[in-house]
Amino acid sequence: MDSKPTHFAKPPSLNDETTSVLEPSPFRKLVIVASIATGINFGWALQLSLLTPYVQLLGISHTMAPFIWLCGPISGLIVQPIVGYYSDRCKSRFGKRRPFIAAGALFVALAVFVISYTADLGHMFGDSLQEKSRPRAIAIFIIGFWILDVSNNVLQGPCRALLADLSAGDQRKTSMSNALFSFFMAVGKILGYAAGSYDGLHKIFPFTDTKACDKYCANLKSCFFISIALLACLATVALIYVKENIPSSSLATPENKGSGENSGDDSVEEGDGGLPCFGQMFGAFRDLKRPMWILLLVTCLNWIGWFPFVLFNTDWMGKEVYGGTVGEGNAYNNGVHAGALGLMIQSIVLGLVSLGVNVLARGVGGVKMLWGIVNFLLAICLALTVLITNMAEHTRHFPPNSTDPLPPVTSVKASALALFAVLGIPLAITYSVPFALASIFSNTSGAGQGLSLGVLNISICIPQMFVSFVSGPWDALFGGGNLPAFVVGAIAAAASGLLSIFMLPSPPPDTTKVKTMDGGFH
């Protein structure tokens, strides 16, 4: 390094972003980029519906299972800000975001392949199939899961930032692009949960059924193969077809390389052993205005509400609703598959609601009122899990000479599936509104889209870490099961609803184009 003194740049709120002077990209480009969410969430749906039961089959207890999921929020807390910072400043001739999207997709495929062959690799390295716990398979699974979550953060953050770049500060396009991303997330989840709920998929790939990998494992492996192919196709189409909105002054050219013209990008020097993105992050926190602070707080409480159910929804169906025990009989596995069906129904509702977020916001008096209402709906649904569990316990029947219970009565199963479906409404808002508001607030302050979304991601990751740390011991304190964490989630969701309605400011008017105001969040 030269002798020039090391310094951090002005806080992100003072760095002018040039995308606001560009024209918004055509709608078809937003659709193609947003469609990558289908590939991401196909695999994510498989994780949520099948992996918590799977790790328990490998020998990890219910109390310890949440700690496996810590890698997601921890990697998001560290990786998202770094990726957001460097993608904001990337000067590759391929664009600011596309190199990160390509790398993320490649490593997602690698991680999914490792997770798919966890049981086989563990057996190859010495795991006994007669033992309940398979330590080598667990170690391999954790490594693969870490790679997967890091790669998902490398991939998903730049996808959202690219959509914001293509919207070029237009509030209508910004809200539309986030709604599209939420819609394609729903499409991916529908496909993923449909695949997870079907237990005969392994017949298409007969080589997946091995000595160390039973029918359930082989089905999971087959689902992940489809996930790899889908993500590869969608990412390739988007990377080839969509060119980024990049001002010529932001590219590395012989004329401006090292000339100091790119003050917004080059004003940060790497310190001795430090990462400048975290200096920018701290600067961003120092300069956050009240609307962004309240947005972070509402998002944090919202995810404390969501994450227990996200972790244990299919486990709840297998244990509390169907009355099964992990690794014993058929009741638990039947409940897990029924939970995957519920998640598929939820995703259909999610997709439909995502397309009408703007209409709903106008109908209830604004986006903050909409978010508050659906957070109360989330709280009610989480509280109803207690009622449905009690109904299941009081109507449970057993066949003669068997401890494996019969499937729940129709009313119980219908109630549980209806709860999954209704939860698709608040989920659609959770997947679109906070990100749209963060993009809009960052446009008014001049912050980079990647870094701003990284700041928002912190308010998602910290509650996930909190839930992962405390949900297992908290449930064990009350005798096991999933209900104690669900009740805490209901309380947090209600608090989030109150803050959204009474404290969260409405977004400012669209200053880029007056004509777009009637179509955006306001």
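Each residue's number is its place along the chain shown, starting with 1.
Keep in mind that glycine also has a Cβ here, set from the backbone N, Cα and C atoms.
Quick caveat, the model's predicted, so the values are computed rather than measured.
TrEMBL annotations:
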- 1-20: region 'Disordered' (REGION)
- 250-270: region 'Disordered' (REGION)
- 30-55: transmembrane segment (TRANSMEM)
- 67-87: transmembrane segment (TRANSMEM)
- 99-117: transmembrane segment (TRANSMEM)
- 137-155: transmembrane segment (TRANSMEM)
- 176-196: transmembrane segment (TRANSMEM)
- 224-242: transmembrane segment (TRANSMEM)
- 292-312: transmembrane segment (TRANSMEM)
- 340-361: transmembrane segment (TRANSMEM)
- 373-392: transmembrane segment (TRANSMEM)
- 412-438: transmembrane segment (TRANSMEM)
- 450-471: transmembrane segment (TRANSMEM)
- 483-504: transmembrane segment (TRANSMEM)
Exercise for the section: Look at every Cβ pair spanning the transmembrane segment (340-361) and the transmembrane segment (450-471), keep those 6 or more apart in sequence, and say whether at least 3 of them are under 8 Å. Expected result: no
Handout entry: Listed stretch, out of 67-87, 176-196, 412-438, 483-504, that has the most CB pairs under 8 angstroms to the transmembrane segment (373-392)
Key = 483-504
Fill in the blank from the handout: Highest Cβ pair tally under 8 Å against the transmembrane segment (176-196), stretches 99-117, 224-242, 292-312, 450-471, lands on 224-242
Practice task
Test the contact criterion for the transmembrane segment (224-242) and the transmembrane segment (99-117): 3 or more CB pairs under 8 Å, pairs 6 or more apart in sequence, then answer yes or no.
Solution key: yes
Fill in the blank from the handout: Under 8 Å Cβ-Cβ from the transmembrane segment (483-504), and at least six residues away from its ends along the same chain, one finds 291, 294-295, 297-298, 301-302, 304-309, 312, 316, 320, 368-369, 371-376, 378-380, 382-383, 385-386, 389, 467, 471, 474-475, 477
Completion exercise
If one takes Cβ-Cβ under 8 Å and requires six or more residues beyond its ends, the residues near the transmembrane segment (99-117) are 36, 39-40, 43, 51, 83, 86-87, 90, 92, 140-141, 143-145, 147-148, 150-159, 162, 220-221, 224-225, 227-228, 231-232, 235, 238-239
Fill in the blank from the handout: Most Cβ pairs under 8 Å to the transmembrane segment (30-55), of 67-87, 137-155, 292-312, 450-471, goes to 137-155
Problem - Beyond the flanks of the transmembrane segment (450-471) by at least 6 residues, Cβ under 8 Å - result: 12, 66-67, 69-70, 72-74, 76-77, 80-81, 83-85, 87-88, 96-97, 153, 157-158, 160-161, 164, 277, 280-281, 284-285, 288, 292, 295-297, 299-301, 303-304, 307-308, 311-312, 434-435, 438-439, 441-442, 485
Exercise for the section: Mind checking which residues of the chain, 6+ beyond the ends of the transmembrane segment (292-312), have their Cβ under 8 Å from one of its Cβ atoms? Expected result: 48, 52, 65-66, 69, 371, 375, 378-379, 382, 385, 423, 427, 430, 434, 437-438, 441, 445, 455-456, 458-460, 462-464, 466-468, 471, 482, 485-486, 488-490, 492-493, 495-496, 499-500, 503-505
